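A.B. asks: Quick paste from Swiss-Prot:
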BINDING   His66, His68, His236, Asp311  Fe(3+) binding site
BINDING   His66, His68, His236, Asp311  Zn(2+) binding site
BINDING   Arg75, Tyr138, His171, Gln239, Thr316  4-imidazolone-5-propanoate binding site
BINDING   Tyr138, Asn313, Gly315  N-formimidoyl-L-glutamate binding site
Amino acid sequence: MRTVWQHCHVATMAEGRYSAIEDAAIVTSAGLIEWIGPRAELAPVDADRTVDLGGAWITPGLIDCHTHAVFGGNRSGEFEQRLQGVSYAEIAAQGGGIASTVRATRAASEDELFASARQRVQALMRDGVTTLEIKSGYGLDLANERKMLRVARRLADELPLAVRATCLAAHALPPEYAGRADDYIAHICDEMLPALAAEGLVDAVDAFCEHLAFSPAQVERLFIKARELGLPVKLHAEQLSSLHGSSLAARYQALSADHLEFMTEEDAIAMAAAGTVAVLLPGAFYFLRETQLPPMDALRRHGVKIALASDLNPGTSPGLSLRLMLNMGCTCFRMTPEEALAGVTVHAATALGLGDSHGSLEVGKVADFVAWQIERPADLAYWLGGDLPKRVVRKGHEISN
């Protein structure tokens, strides 16, 4: 079906800029953008439908490129404990922290995980998200990692959005491998990844590179295996310390390196050369009350593409609003509103390997876009909450009005 969408203003986000078109029109057909430009330049179109957008601003559909949306349990009690002065180490000693989420996720059925994740994902969708990434990493064995990744695939099948599934089996050390990190990495490489990839459940491979998780050498073994399987890689890096994980990610042409509060200029240079996207996660920075800022000047100076994401997870960023992350990116990390919007559209698409098809409003790309009743694009980063999108369009069809 061919549809003409008109009486609107468009922030195309081409090349990471607003690239605004005033009094614009968009023609969509077969789920793609067939034409976009000033309405006055639109030639007569044999359209099945014409939609008046009432002067709304149009942006690409928002893309949340880093989430842990599938998990069992609830850790709000730990939040209360931390506010009362209980340390993370004490909480962990009591059986809390990520270990509690692993236990709850292992105990939950696939249907239970799907039902809870569906609610969280629908909250993101109401905020204008049309594409998101979902990581595993709370199962930490083959059966439970498979269960989480199956939920991610089901969400894509049953909801009108695109989902990229990332295997994060190297998220933490499971209790049955206590003190045997090398053995666990070998198990992931020899057993888990080949099986999950063969089942078509994995779009990318991720790991957590930190002193409290996995070393660069262990991560490199995982990356080598991912490359053998034809899977792109990503990395949680430099969140708590500098291990130059982001440089390691760049050596393997990673789609992205994420967090990056402690990255160095050397890391930024390596990422720029490799085309690896820097995914910043202000929700975790805010929730954990961190003080070390990502090196924004170095990222800009070397031309590293910068994305923003919610990092939705039960322990460090229980954030259900990607629009709130726009504001946090500006207030916490000193991004401009234009940089922040690029971070949840065109650069987020690149961080998922979707840069050729998603993330900006250009001819030939997927017709995912959002209509906002705002005065200017910067309003999306300026307002804390407020009205939901006026319309959300996925592959040229309205999914919310």
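Every residue number used here counts from 1 along the chain in the order it is shown.
For all residues, glycine too, the Cβ spot is worked out from N, Cα and C.
On this model, are these features tucked inside or out on the surface, and what's nearby?
C.D. replies: Under the DSSP three-state reduction, His68 (Fe(3+) binding site) is assigned to coil, being neither helix nor strand. The Cβ of His68 (Fe(3+) binding site) lies under 8 Å from the Cβ of Ile134, Lys135, Gly137, Tyr138, Leu168, Asp311, Leu312, Asn313, Pro314, each on the same chain and at least six residues away in sequence.
For His236 (Fe(3+) binding site), the number of other Cβ atoms no farther than 10 Å from its own Cβ, over all displayed protein chains, is 30. The secondary structure of His236 (Fe(3+) binding site), as reduced to three states from DSSP, is extended strand.
The DSSP secondary structure for Arg75 (4-imidazolone-5-propanoate binding site) is coil. Long-range Cβ neighbours of Arg75 (4-imidazolone-5-propanoate binding site) (same chain, at least 6 residues apart, Cβ-Cβ under 8 Å): Gly96, Ser100, Thr101, Pro314, Gly315, Pro318.
Here the Cβ of Asn313 (N-formimidoyl-L-glutamate binding site) has 25 other Cβ atoms within 10 Å, regardless of which shown protein chain they belong to.
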A.B. asks: Any idea which of the binding-site residues Gln239, Thr316 has the thinnest Cβ neighbourhood at 10 Å?
C.D. replies: Thr316
A.B. asks: Let me spell it out: for each of the binding-site residues (His66, His171), count the other Cβ atoms within 10 Å of that residue's Cβ, using every protein chain shown. Which one has the most?
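C.D. replies: In terms of Cβ crowding, the pick is His66.
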